[in-house]
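**Q** As annotated in TrEMBL:
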- 1-393: region 'N-terminal catalytic PFK domain 1' (REGION)
- 21-326: domain 'Phosphofructokinase' (DOMAIN)
- Gly28, Arg91, Cys92, Gly121, Asp122, Gly123, Ser124: ATP binding site (BINDING)
- Asp122: Mg(2+) binding site (BINDING)
- Ser167, Ile168, Asp169, Arg204, Met211, Gly212, Arg213, Glu267, Arg295, His301, Val302, Gln303, Arg304: substrate binding site (BINDING)
- Asp169: active site, proton acceptor (ACT_SITE)
- 406-691: domain 'Phosphofructokinase' (DOMAIN)
- 406-783: region 'C-terminal regulatory PFK domain 2' (REGION)
- Arg475, 532-536, Arg570, 577-579, Glu633, Arg659, 665-668, Arg739: beta-D-fructose 2,6-bisphosphate binding site (BINDING)
Amino acid sequence: MAKQQDTKKLFENLSGAGKSIGVLTSGGDAQGMNAAVRAVVRMGIYVGAKVYFIHEGYQGMVDGGDNIEEASWESVSSMLQVGGTVIGSARCKEFRSHEGRLKAAHQLILRGITNLCVIGGDGSLTGANLFREEWSGLLEELVRQGLIDEEAAQNNSELHIVGMVGSIDNDFCGTDMTIGTDSALHRIIEVVDAIMTTAQSHQRTFVLEVMGRHCGYLALVSALACGADWVLIPEMPPEDGWEEHMCQKLSENRADKKRLNIIIVAEGAIDCHNKPITTNHIKELVVSCLGFDTRVTILGHVQRGGTPSAFDRILASRMGVEAVLALLEASDSTPACVVSLCGNQAVRLPLMECVQMTQDVQKSMDEKNFEEAVRLRGRSFENNLNTYKLLSYHKADSELPNSSFNVAVLNVGAPAAGMNAAVRSAVRVGIKEGHKMFAVNDGFEGFYKGQIKEIKWGDVAGWTGQGGSILGTKRTLPAKHLDKIAEQIRIHNINALLVIGGFEAFECLLQLYEARTSHEDFCIPMCVLPATISNNVPGTDLSIGADTSLNAIVETCDRIKQSASGTKRRVFIIETMGGYCGYLASVGGLAAGADTVYIYEEPFNIRDLQSNVEHLTEKMKTGIQRGLVLRNENSNENFTTDFIYQLYSEEGKGVFDCRKNVLGHMQQGGAPSPFDRNFGTKIAAKAIQWISRKLKESYKDGKVFANTEDTACLLGMRRRTMAFQPVVQLKDETDFAHRIPKEQWWLKLHPLMKILAKYKTSYDVSDSGQLEPVTRVRPKKAD
């Protein structure tokens, strides 16, 4: 409690009174920049600072005048769902010159702006840092020229800078994801999914060019997410003779009854002699070698456009708030920092170290030191590349190792988008490790009925983009059928289990672990992968399927809000799924720009409802036209969605009218988002590698015997790392009655939503704060 009191005080001590913050977007635009601008403006105003828009990037700063205007709370409403950048972005030659920066400094001092929040790529951020280094010299010059007086120079003696990286290429070192990357992947995957249907009809080969002049992230991840046959990226140039190798793989896939081929090329793709590889060159190759009907599609600026995804809105909102905190805490001795994402955590890193590392990547590539380039790109890029290599090439059965182990895969609980990507990845990595893979239909119900059959490499082709669960899934728990399940394990000689599912999957593994004392057949390595839209599984921050569901919620909220654009003042009450877990409502509310969110984890009474209605009524009396209220389905048994709808309708009479929507099962359906496809693919690959290790460790005297806690685990994402945690140890962290973890990280984001909706609240800043060094060389981990 003491800690909470301290952090609470700390946040309320951070006053922005008397400070002015300028926010600008610079360089290429990226979806989500507006969400970042909105968060900076609202958080800045919330702490009592003045916030200014600097229109048209550095050009607006140099030109001044109307380009620099004070922002109000209302001026950023309704911009969360808009792609690009509303305040404009321009590349500015003038700012690169000393004279240009002198003009810019003069314009800022006229308005007393000494805090800058720059949203852009590494060029924009390097420019900002140079500006800061020259600041005191620029002030002296302005004093000498008589443009400002000594007092103004003294009052504005320090310039603080915080950067946020907005770039669809994800080419900035130090952060796992830059603002805009996830949305660009959404655009690419939408196109690939559409192309796949036409390619299948005509048995065609498609060559797709995606953006990424110096960085292959978009190409690599979209190849992972759609199961492409071949990918070409600048960081991994193919060896000599690759043309033959590629054509051989394409023809093998066709022989394997696959009706289409997809080749993804980053625009900066090169061969090992640093010569560019173009889409036309690949098309000519395929046509001349194989005679396949081949088409080229260049995606171009489509990737920059469209609405930001839920992930980008949340990322940008978190970054924007963190950036304001960093500016308030900055002193003359702190270096310029960049706010970035590591795993699931917002961190601050020294700006120039990140820029230096980003430049070192290019240097390594120019020197043909590609391994070093990949390592400098960071662990997220490296993991993606390793997973791609694992899944990419299927050798003939005779060339594979033979482990003589049988591994079964099954889905448990409700379907979640991304389950199929996880199954595909598990099957293929398992086959590559030499195991025989078995698929179980309909969860443990199918298991005890013996619905178990071997599954081969080609059986899972095209699964990544499919929603739901192809294997079939049921909520049946194993406890009542232990004898029959044990018998099936013996019949099929199953040596390990991979269970992909939600809270039930966790319970199933617990039951099997506890049954080891009475059934020796369960003494085998077992692993559960969390896959549920509710994101309510203990031991992990994120579950497969939750991102797809958030996108469905956010997309629907956008449409619902838009439906009222011609109507005067309207409030929507929207009910989301999630059982007792408020993740979808709370984080969906943050991404959709909700005014209020009702969740089970934060009890509320009639007085809270009353003050929420009054708060909304006050907002509606200003320029705000639409209100959005999200309610988790089980947030309160008496204050139902109908009750809240009727209360708001009655109390808002004369100011606004109300509509209600229950989103229902549309949150569970649909094609998986790129994030869920990629997340499912990566964690399933990691799980199978863990199973292989445990099988080797527990194989004695001709059989597998694993009865220790660490052989029945859940693989989850915890803050910055992926961790295998014994299910029996997670028991104490779980509220079984409500099927949720006792502590949930996303509750820290809940006050954020309130701040951005103009509520006074306390915000726990214990996590943010310290500037961290950039890690360069990491020791190789055995895992």
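Note that Cβ sites are derived from N, Cα and C of the backbone, with glycine treated the same way.
Whatever TrEMBL says is automated annotation, not expert-curated.
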**Q** Taking the Cα atoms as reference points, how far is Arg213 (substrate binding site) from Gly579 (beta-D-fructose 2,6-bisphosphate binding site) in Å?
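**A** Distance (Cα to Cα, whole Å): 44 Å.
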**Q** Other residues near the ATP site, CB within 8 A of the CB centroid of Gly28, Arg91, Cys92, Gly121, Asp122, Gly123, Ser124?
**A** Ser26, Gly27, Gly57, Gly120, Gly127
**Q** Give me the long-range Cβ neighbours of Gly121 (ATP binding site): same chain, 6+ apart, Cβ under 8 Å, in sequence order.
**A** Ser26, Gly27, Gly28, Val165, Gly166, Ser167, Asp171, Phe172
**Q** Output, ordered by sequence, the same-chain residues six or more apart from Asp169 (substrate binding site) with a CB under 8 Å from its CB, or 'none'.
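**A** Sequence-distant Cβ neighbours: Thr178, Thr181, Met211, Gly212, Arg213, His214, Cys215, Tyr217, Leu218.
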**Q** Nearest to Arg295 (substrate binding site) in three-dimensional space, by Cα, is which of the binding-site residues Cys92, Arg475, Gly579?
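**A** Going through Cys92, Arg475, Gly579 one by one, the Cα closest to that of Arg295 (substrate binding site) is Cys92.
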**Q** I need the CA-to-CA distance for Ser534 (beta-D-fructose 2,6-bisphosphate binding site) versus Arg304 (substrate binding site), whole Å please.
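**A** Rounded to a whole number, the Cα-Cα distance is 30 Å.
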**Q** Cys92 (ATP binding site) has how many other Cβ neighbours within 10 Å of its own Cβ?
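**A** Here the count is 22.
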**Q** Have a look at the binding-site residues Arg475, Arg570, Gly579, His665, Gln668 and say which one has the shortest Cα distance to Cys92 (ATP binding site).
**A** Arg570
**Q** On the 0 to 100 scale, where does the mean pLDDT of the domain 'Phosphofructokinase' (406-691) fall?
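**A** When the pLDDT values over the domain 'Phosphofructokinase' (406-691) are averaged, the result is 95.
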**Q** Express in Å, rounded to the nearest integer, the largest CA to CA distance found among the substrate-binding residues Ser167, Ile168, Asp169, Arg204, Met211, Gly212, Arg213, Glu267, Arg295, His301, Val302, Gln303, Arg304 named in the record.
**A** 33
**Q** Count the Cβ atoms, other than its own, that fall within 10 Å of the Cβ of His665 (beta-D-fructose 2,6-bisphosphate binding site), considering every protein chain shown.
**A** 9
**Q** Please report how many Å separate the Cα atom of Ser124 (ATP binding site) from that of Arg304 (substrate binding site), as a whole number.
**A** 18
**Q** Taking the residues Gly28, Arg91, Cys92, Gly121, Asp122, Gly123, Ser124, which the record names as binding ATP, find the longest CA to CA distance and state it in Å to the nearest whole number.
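**A** Comparing all Cα pairs, the maximum is 14 Å.
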**Q** Within 10 angstroms of the C-beta of Asp122 (ATP binding site), what count of other C-beta atoms is obtained when all protein chains are considered?
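**A** Within a 10 Å radius of the Cβ of Asp122 (ATP binding site) lie 22 other Cβ atoms.
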**Q** When you rank Val302, Arg304, Gly579, His665 by Cα distance to Gly123 (ATP binding site), which of the binding-site residues ends up on top as the closest?
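**A** Among Val302, Arg304, Gly579, His665, Arg304.
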**Q** May I ask which residues of the same chain, at least 6 positions away in sequence, place their Cβ under 8 angstroms from the Cβ of Arg91 (ATP binding site)?
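**A** Arg91 (ATP binding site) has long-range Cβ partners Ser26, Gly27, Gly57.
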**Q** Which whole-number value in Å describes the distance between the Cα atoms of Arg570 (beta-D-fructose 2,6-bisphosphate binding site) and Arg304 (substrate binding site)?
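**A** Arg570 (beta-D-fructose 2,6-bisphosphate binding site) to Arg304 (substrate binding site), Cα-Cα distance: 32 Å.
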**Q** Taking the Cβ of each of the binding-site residues and counting other Cβ atoms inside 10 Å, which one has the highest number: Ser124, Ser167, Ser534, Gln668?
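**A** When each Cβ's neighbours within 10 Å are tallied, Ser534 leads.
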